[in-house]
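Written out below as structure tokens is the structure these notes cover.
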């Protein structure tokens, strides 16, 4: 009886949260807090019963409960016979956690996605989630989203984070990505209609600098606000209640939580505290040193999770780089790696819920990727022993038993400024201020109390709009405030009807902005350290690598000129081997008009290895100034001549793919990052010390590099064979070489067009969509001066097409198509430069559909062949390709099968078809049109927001409300409470009809 009454009261309370805002609950059953065993501190208090049960199960993990997971557990594999993945083939079991990347799958770049139809891809991904659940596996989704501002890939680090927030230039574009996530989650159901809980891990490894949401591309404040926006949008606007949200920076933190928490969005938006770390050092025979590092950091993460009532997980791990599993399957060190890691976590961090490794994508050469053992590999037996060591490691019915659902703990009401973002610049005299409330019912808010105050005495009146937002406009002109490079601090104040002021979501709730555009800095001024007001600003620009932010500080310049300098503190005890800091440049900078790099250096005499690193044209170059003295002096590092000859820079020793390359002016025209490292030189040298640097500048002016888009005749380029297939002994060898996209099951060797020659056969039935691709990694091949890509194709007369894509090292893809309206062998020659039939298909930026230029030929990453279903009545294609080569202009016929523009299927994200206005503002809608989520969150079982655990004498989940739950009691008290509910709601009841926001993918 008590349970039923509590549920109905909760329903009444939820129903009283009326009009104009979405799910902002602030209460739990009988006021239970996160510390109470009967409730969980979950980010979504309206989460489905199954989602709360999963949270509880994972949070309460103890010794023996560790689960093993893998990305693409069943749909990528190394062994050709592993139809259900290598893990299943070697162990007879599925991993307990399955992972996919929603960002890639939904745009068709990874399985189960195929093609550009996000609607179809959402259905396919949801079906895979359902299948994983039926196998006894928990599902986690990451999101390698394209850069919404440029349309380029996730590693395009053009800063965009603040423009994705409400009112931002690309908020509408980003919302489409979130809509697809919502569509996937809401379709992921069991056969009885139960929504399957999913762990969603957006914006991962943000403390690195390789993603657009990463360090130096998004400030800590921007990152936190963007993460919160993702959760708010999915949970409150899209009404998705079967997601747990994971936060997962990458290591190493040396057990210190400072940097780990620097971008933590807050407990109201996070459920899983994760950690990503890979072992890439192959010098040791065992993995103990790396495991000790992981354990030290995981203890820190576990402590933080315990304090907050959250889940702890090793969200990504594996062996990569030099330590990766070898393509041959032999010669790997420490094949007991998985058992050793699992045992260390179980013993030292028993609360770890799961550890997930990456996908067995395969491929060949340097691009080979395997993260588990496979059939026939040296580690097969040890991996099977690992899988058999504990039943909880692998999938099972119990693993996905979500019958025991605790209540959601009460959340404290809060208010925060969403825009402008703390630390950002304001360049418009009319500033739109958006304040978001969380954890409080609309009916409890004092709408007339909402204001934002400034530290100059202004009060900005806020008006409630929808989705929990208040908005107002600060008119700087009217306030007499100039855009003069000064600062302005804003503080929100929102009260409830009982006079209480909502707490700040972060710190004291204030945000400080800079007034006016950032002063332009000339390209030759690489770094003078004088533009930073404080160390936090400096540390937001430079990303630590195997160090901590606090080891980069501002000091007085050793040049004694009254200016600032930068000080790098190294600590090889805490961070062994190397410490460093990197600054990325987006867009890339053109340094080609200068011949040297100067800097003022005051070293500590340690004689360690000082590394000055420049990434130019996608290649990492290094120079090594001596630091064996202590006197301050100017260091001058030469770039060499136009071709890089005679310079001080050489490719990094670990970048074997570019060994011997010179730092030419052409490469210097595209500088993507600049970094400073101190490497441990061993011996009796000190384990800690400091370097002070200032006045890092480009010098030695010269004519800048000018691309030659029209090469002169008679260039010295020679024909290059891309692949004649003669070197492959069997199908497996050919599949390995052409495995850069997976999908190798469609490939086999065939007889070539001439006696004794070989070809690559591509036979495919369109079962995974019209576009299905294979690729060979070309490792930055230089095609400069080449005129034609030539190859032979055997047609099948199907009327379909073979699509060819040339991928460059800077992320561009150029597409041409060969229509298979013929049979037998045919010579195809595709002009490479200024060819209207070979045009940029990706990214979908301003250069889309433009032809290749000579400049694009300098570094070729991969060659792609793909099926294109041009004939809808056919059931597949069967074609072969032979003798692929590039040739200079002479002796080429310059003929190409015409491209059928009407049928070309480009593997690109068609959701990027943007109108002129790509912005959106979920805060600016009419309250009457906002989604109203004030009724019970229905989930799969009609659960309310405030359920309690089942009592020991019943097997029914305690959250089965609705008709069945109410009818079982037969008590008159239910009628009485229902009557009270009607009185409480009064005339407002008519307003509780839910209105859903349009734009869902159905």
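Placement of Cβ uses the backbone N, Cα and C atoms for every residue, glycine included.
For residue 205 (active site, proton donor), the same-chain residues that are 6 or more apart in sequence and have a Cβ closer than 8 Å to its Cβ are 211, 214, 248, 249, 250, 276, 316. If you look up Swiss-Prot, you'll see 205 marked as active site, proton donor.
Summarising the annotation, Swiss-Prot assigns active site, nucleophile to 316 and lists similarity to another entry as the type of evidence. Of all Cβ atoms in the protein chains displayed, 26 besides its own lie within 10 Å of the Cβ of residue 316 (active site, nucleophile).
Among the features that Swiss-Prot reports, substrate binding site is placed at 144, 210, 278, 384. According to DSSP, residue 384 (substrate binding site) is assigned to a helical segment. A C-beta separation below 8 Å, combined with a sequence spacing of at least six in one chain, links residue 384 (substrate binding site) to 90, 91.
Taken from Swiss-Prot, the feature compositional bias 'Polar residues' covers 707-719.
Positions annotated as domain 'GH26' by Swiss-Prot, on the basis of sequence analysis: 49-396.
Sequence annotations record features per position, and here Swiss-Prot assigns domain 'CBM11 1' to 523-703 based on sequence analysis.
When pLDDT is averaged over the domain 'CBM11 2' (717-897), the result is 88. The feature domain 'CBM11 2' is assigned by Swiss-Prot to 717-897.
Under the heading pentaglycyl murein peptidoglycan amidated threonine, Swiss-Prot lists 969.
Sequence annotations record features per position, and here Swiss-Prot assigns region 'Disordered' to 702-722 (among others).
Annotated region 'Disordered' per Swiss-Prot: 888-969 (among others), in sequence order.
Marked as motif 'LPXTG sorting signal' by Swiss-Prot on the basis of sequence analysis: 966-970.
Under the heading signal peptide, Swiss-Prot lists 1-28.
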Checklist entry - Where does residue 316 (active site, nucleophile) sit in DSSP terms: helix, strand, or coil? => result strand
Checklist outcome for this item: residue 205 (active site, proton donor) falls, by DSSP collapsed to helix, strand or coil, into coil
Item to check | Cα-Cα distance maximum in Å, computed over every pair in 144, 210, 278, 384 that the record assigns to substrate | outcome: 34
Checklist outcome for this item: Under a three-state DSSP reduction, the secondary structure at residue 278 (substrate binding site) is strand
Checklist entry - What number of additional C-beta atoms lies within 10 angstroms of the C-beta atom of residue 210 (substrate binding site)? => result 14
Checklist entry - What kind of secondary structure is residue 210 (substrate binding site) part of, going by DSSP in three states? => result coil
Checklist entry - Which of 144, 278 (the binding-site residues) has the most other Cβ atoms within 10 Å? => result 278
Checklist outcome for this item: DSSP, reduced to three states, assigns residue 144 (substrate binding site) to coil
